Amino acid sequence: MLKVYNTLTRCEEEFKTLNEKEVKMYVCGPTVYDNTHLGHGRTYVSFDIIRRYLEHMGYTVNLVINFTDIDDKIIKRAYEKEKDPKEISEQFIKVFLDDMATLKVKPADIYPKVTEHISEIIAFIEKLIEKGFAYKTEDGVYFEVKKFKNYGKLSNINLEDLVSGARIETSEKKKNQKDFALWKTAKPGEPKWESPFGSGRPGWHIECSAMSSKYLGEQFDIHGGGRDLSFPHHENEIAQSSAYSGKDWVNYWLHTGFVMVNGEKMSKSLGNFVTIGDISKEYSPEILRFFFIQRHYRSPIDYTAESMNHVKNNLEKIYNVIENIRISLEKSEKSRTWDENEFLLYDILKNSKNNFYNAMNSDFNTVKALKSVFEVSNGVNKYLSLTKTPSEGLLLKALDFYKIIGEIFGLFENYFKESSDSDEEEFVTFLIELRSDVRLQKNYEMSDKIRDGLKNLGYQIEDNPKEGTVFKKINI
């Protein structure tokens, strides 16, 4: 039974979808005015793994990730760069999508943009005014938070304790400084759209309510985002959407933890801002994904050079196990009689697989799930060290385990995809044989060139006095 931690109730709950075997999921996308950073990467990789696991468990997932392509930050950046706001937003939408592809994050089903949903947003605001939850002023339209009785439930904030101006813009036109903007009256030189409330543009929070309702309906299963969005953004979304429909809006609220850099919160002011573009030059996508799953998605994670080296070494160990299985399959036996070593590895595979699913069913606990992966790796290594002619069936079961792990965590994909490419391996074998010939002729310069060329193709070769030259895939 799958359980997920719901920020709204602050406890783990049994996961029940509105429609059988269908998950409607909305994850807040970026405000596209700058490069994608490590915090973005952590959030979207985390929800990618959640989505992959749900799909692995037989659910059809309809995922929506929005783009906030008009906002104060975008307008400010456009002014600084002397560019049109649309040019800025389109530039960084491309950066985001490219970075997500680099991180092997599966594309969302829908990427709605705010500027393409102005009519839906206006209609949403009109209904809130009609129902008495919003009011017009000279500088826009505001949601009256006192009218919504459950305001603050998600973030556990008491309305009376809110300090005016704390993450909520102040305005003399508001009835209450805790009210938030649904529509902002246009200022000179800013992008604007016509509406019944005058020329202007949407506030930040209303966009997600309008777009999620269009694509997922008035009620859906999962709403996700970074922990920093729980207030005011998600709190305001709940108020708007529930006031609009009169229904409970979202069943499960999931939030990812912060990314720290050397023990400090990542920020531009501290000079420790790490972009996906920069870090991808140093570490492969699989190392980054493996780094993110070292901590539970709700917990903070600390990015340090030491932690990344530790992650890289552990991932290499797993890849070595997978490669050793591939090599050992060549000398395995289909009809081998099992002895205690086979029974021991079989039990490890069976128990570890069960433990993996139990961990993932407990709010997608990747930390505990990884323990199962290392248990299998240790078991396989021990088995291969004790057995000269291993069981083919057992080795294939072990490979199948790693393939399942890879599909869910977004790892090993190139290995399993390419390992079936016999033409490539035949070519590599030919190059290794050619290298052996030139080594016999003592042409070590050419031998080294072939070795380096194979490394560039993703293969590491080892000269073993007993077994001759063997090759291994380099996947990270």
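Keep in mind that glycine also has a Cβ here, set from the backbone N, Cα and C atoms.
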Next item on the list: Choose the correct range: of 30-40, 195-205, 382-392, 448-458, which one does Swiss-Prot annotate as motif ''HIGH' region'? Give that range.
Entry: 30-40
Check: Swiss-Prot tags one of 115-119, 265-269, 435-439 as motif ''KMSKS' region' - which one?
Finding: 265-269
Note to self: Counting by DSSP secondary structure, give me helix, strand and coil numbers for the motif ''HIGH' region' (30-40).
What the structure shows: 3 helix, 2 strand, 6 coil
Note to self: A 10 Å Cβ contact count, applied to the binding-site residues C28, C208: which residue has the minimum?
What the structure shows: C28
Notebook entry, point to check: Any idea which of the binding-site residues H233, E237 has the thinnest Cβ neighbourhood at 10 Å?
Noted result: H233
Next item on the list: Within the same chain, and leaving aside C28, C208, H233, E237, name every residue whose CB is within 8 angstroms of the centroid of the CB atoms belonging to the recorded Zn(2+) site, in sequence order.
Entry: W204, H205, E207, S209, H223, G225, L229, H234, N236
